[in-house]
Structure formats: structure tokens, C-alpha cells
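Novice: Structure provided below as C-alpha cells; questions to follow.
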Amino acid sequence: MGRSRSRSSSRSKHSKHSRKRSRSKSKSKKRSRSKEPKRNRRSRSRSGSRRDRGGSPPDRTDMFGRTLSKRNNDEKQKREEEDRRVEIERQRKIRQQEIEERLIEEETARRVEELVARRVEEELEKRRDEIEHEVLRRVEEAKRIMEAQLLQELERQRQAELNAQKAREEEEKSKRVELERILEENNRKIADAQAKLAEDQLRIVEEQRKIHEERMKLEQERQKQQKEEQKMILGKGKSRPRLSFSLKATE
């Protein structure tokens, strides 16, 4: 049993090694196959390019093995890099100079400001009494001006109040005159109405008097006529009884 197991294990190991070898061989074959067409393609492209150039002579090379075109490109690139470095350095110097000039200007302005402030302070110290006197004078002048303006304002307010009072009085007077005119007009209208009423009353009394007189006159005529008729009747027949008539007086 132990021998069979060892044999089987050795066989399996041998088969594994053989598989690995076959795989490596196949891979190497594939690589060689894949490399061959690439080389063929390169050789073909080179031959094609040579054919396209029509047998033009190859570029010349310098002592370092570079072609002239590559050397020219390298030199051009170096010059451009050098120009860029020069330009960067120039810009840096310009900025540095601008910074220095600005610092100089700021320092100059600061010193000038300090100098001016110191001179002003010295001048103020020298003219302190004169300045105080001038300040007092201006204060007094301003006080007088303010007092004059205050008096003018008070006078203006007083005058405005007087004008307003006068306007109110004029308005009240005009209102009073208008009221008196209205009262007078009303009194006149009342008097006219009363006079007209009195005239109407007199006319009515006169008309009533005339009506009463007419009635009395008619009554007298009627009585007279009755008397005459009675006389005529009495004259015709004395046997008839005497008629008596009585009339009530109408108002």
C-alpha cells in the first residue's frame, strides 16, 4: 500500500512537471510567434519608409551621435529655457524694485507726516497764547451773533404772533359784521312780514266791515219791503190779522 501511494505521488508530480514544461514551451512558442510578426512589421515599415524616401541620404550626426535636426531642436529648447529663466529673473527684479520703491514711498510719507506733525505741534506751542486769544475772540463773536440771531428770531415770532392776532381780529370782525348784516336782514324781513300781516288784517277787517254794512243794508231794505207789503195787505183787508216778522241780526 505504501509503495503504491509513493508511485502514484511520483507519477502525479511527474505529470505536473510535464504539464508545466509543455505550458512554458507553448508560451515561448506563442511569444516567438508574436514577436516575429512585430519584427517583420518593423522591417517592412523601415523598408517602406526607405522606399518612400527614394534613397535619400541619411541625416548627419554630430560627435555625440545626435542628428543635426535633434541637435538644433535641443539647442532651440535650451535657448527657450534660458530666455524663460532670463524673463523670470527680469520680472522678479522688477517686482523687487516695485516693492522697494513702495516701501521707500511709505517710509518717506511716514517721515514727512511725522515731521509735519512735529512742526505743527511746535508752531502751536509757540502760538498758544495767540491761539487762545483768537479762540476767545471767536467765541465772543459767535456768542454775539447767536444773541443777535436769537433776538431776531424772537422779534420775528412776536411779529408773526401780532399778525396772527390781527388776522384773527379781522376775521372775527368780518364774521361779526356778517352776522349783524344777517340779523338786520332777518329783522327787516320780519318787519316786512309783520307789516304785510297787519295790512292783511286791516284789509280783512275792512272787508268784514263792508260785508256787515251790506248785510245791514240788505236787512233794512228787506224790513222796509216787508213793512210796505204789510201796509198793502192791511190796506186791502182790515180783517186779516197783522203779520209780524222778526229777523235775527247776522254778524
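Yeah, the Cβs are placed from backbone N, Cα and C, and that goes for glycine too.
Grabbed the feature section from Swiss-Prot, which reads as follows:
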type	residues	note
COMPBIAS	1-48	compositional bias 'Basic residues'
COMPBIAS	49-63	compositional bias 'Basic and acidic residues'
COMPBIAS	71-92	compositional bias 'Basic and acidic residues'
COMPBIAS	215-231	compositional bias 'Basic and acidic residues'
REGION	1-92	region 'Disordered'
REGION	1-53	region 'Necessary and sufficient for RNA binding'
REGION	54-251	region 'Necessary and sufficient for transcriptional regulation'
REGION	215-251	region 'Disordered'
Novice: Under the DSSP assignment, what numbers of helix, strand and coil residues are found in the compositional bias 'Basic and acidic residues' (71-92)?
Specialist: 22 helix, 0 strand, 0 coil
Novice: Across the region 'Necessary and sufficient for transcriptional regulation' (54-251), what does the pLDDT come to on average, as a whole number?
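Specialist: That region's mean pLDDT is 86.
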